[in-house]
């Protein structure tokens with residue numbers, strides 16, 4: 001398939017009905033990498049489109065005005081051609097910029113990027129060049145439209161091989177990357193359709209739940225109100241994510257406000273969902289009216305999870321336009337993972353205690369529903385662990401994002417799994433005319449077996465008889481009809 005890059009402000013790739021994004025540069029500093037100075041311009045999965053144009057400018061320090069300098073180059077290459085960038089002389093250390101030894105071998109031109117043409121992707125790697133003229137502190141890389149004929153993950157780097165230009169910055173500019181259906185990067189494009197699907201799924205679940213809620217509102221108990229909140233938050237989250245990607249796809253610029261709201265609603269939903277699962281596991285509203293002294297601990301855990309998860313999601317999503325995953329650093333990911341593990345341990349410990357209590361009290365209806373809930377949670381945890389292992393395997397084998405076309409499945413799976421678990425919870429605790437039988441009752445004998453509650457022996461004080469012996473104790477016996485029969489221990493004679 002053919003594709004194109006529109007590099008605005010440095011070079012551009014624009015087109016009709018296309019999909020990509022706008023990468024803006026302002027004051028970007030070059031950093032050392034090997035024997036080159038580098039600025040990463042972006043990475044995206046590209047399909048095809050038609051070209052347009054623009055430019056990018058570079059500025060050097062004033063003390064270098066009176067000198068001519070080496071080149072500033074931009075190189076575009078498909079990730080599978082990465083080995084065609086750089087080289088070494090006589091098997092020595094690999095270099096990005098041409099060294100004197102390589103120049104002597106006529107392998108490259110000294111002071112330029114080493115690159116060899118691709119045999120599978122004609123015209124690539126693609127190199128654009130500019131330089132600083134005498135008495136000029138600005139260098140302009142003119143706009144250029146580049147047509148891509150092979151679908152793949154393309155990378156753009158600005159590079160300098162002259163060490164005297166280490167203080168050069170990308171003054172301003174932008175690059176526009178486009179595909180057939182809009183400005184969305186190739187890896188993110190399927191997520192827009194996925195969130196549209198999830199929005200519809202939440203609407204269907206909401207119609208079912210709210211219709212039941214309206215029909216049996218007199219039978220609703222607190223746990224069902226919590227589930228209603230989770231469904232509402234989920235509907236807003238899915239809609240906001242869809243609008244975030246739709247606006248990004250339309251304009252090429254990630255809408256910060258919409259992204260922040262989508263992240264926040266998602267974080268609140270995940271926090272509330274975890275707290276609901278935890279308090280249900282503790283028996284709140286079912287076998288106990290309150291959490292007692294645990295309330296503060298539960299709220300503290302929920303608040304901590306919200307803060308750490310919110311920061312992580314904001315770093316991962318706000319302003320993200322490149323197709324490079326895993327931007328968050330370890331110290332942001334680790335607290336969220338540890339808190340999730342703590343949630344799971346606390347949930348199953350509480351479930352064990354609640355199941356034992358229900359079994360001891362012979363509350364068979366509630367015991368049955370809690371067993372189903374436990375089984376659903378166990379399946380979700382096992383599937384989650386399996387998916388985490390797959391995700392680690394996938395990312396370890398995809399260091400250079402070569403499998404970008406399938407990468408959207410990883411975040412989509414977690415949304416689908418949480419939605420599936422929510423559907424199970426809704427099915428177990430849906431409002432109905434019998435809802436109150438699942439809620440907490442002050443009757444301590446609730447659901448006891450008749451064998452346990454029908455016979456209750458009461459021992460009265462004994463009294464002396466004429467012969468000095470104590471009469472047999474009377475034992476009031478409560479029969480199944482609630483009447484009391486008293487056995488005096490005396491024989492009845494005619």
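Cβ coordinates are placed from backbone N, Cα and C, and glycine is handled just like the others.
Feature annotation from TrEMBL assigns signal peptide to 1-20.
If you look up TrEMBL, you'll see 190-435 marked as domain 'GOST seven transmembrane'.
Within its own chain, the transmembrane segment (194-211) has Cβ neighbours under 8 Å at 227-228, 231-232, 234-235, 238-239, 241-242, 245, 408, 412, 415-416, 419, 422-423, 426, 430-431, counting only residues six or more beyond its boundaries. For 194-211 (among others), the entry in TrEMBL reads transmembrane segment.
If you look up TrEMBL, you'll see 223-243 (among others) marked as transmembrane segment.
Summarising the annotation, TrEMBL assigns transmembrane segment to 328-348 (among others).
The transmembrane segment annotation in TrEMBL covers 369-388 (among others). Non-local neighbours of the transmembrane segment (369-388) in the same chain are 277, 280, 286, 344, 347-348, 351, 354-355, 358, 413-414, 417, 420-421, 424-425, 428-429, 438; each lies 6+ residues outside the stretch with a CB under 8 Å from one of its CB atoms.
Sequence annotations record features per position, and here TrEMBL assigns transmembrane segment to 408-430 (among others). When Cβ-Cβ distances below 8 Å are used as the criterion, the transmembrane segment (408-430) is approached by residues 187-191, 194, 198, 201-202, 205, 208-209, 212, 223-224, 227, 230-231, 234, 238, 270, 273, 276-277, 280, 325, 369, 372-373, 376-377, 380, 383-384, 387, 391, 394, 438 of the same chain, each at least six residues removed from its ends.
If you look up TrEMBL, you'll see 462-494 marked as region 'Disordered'.
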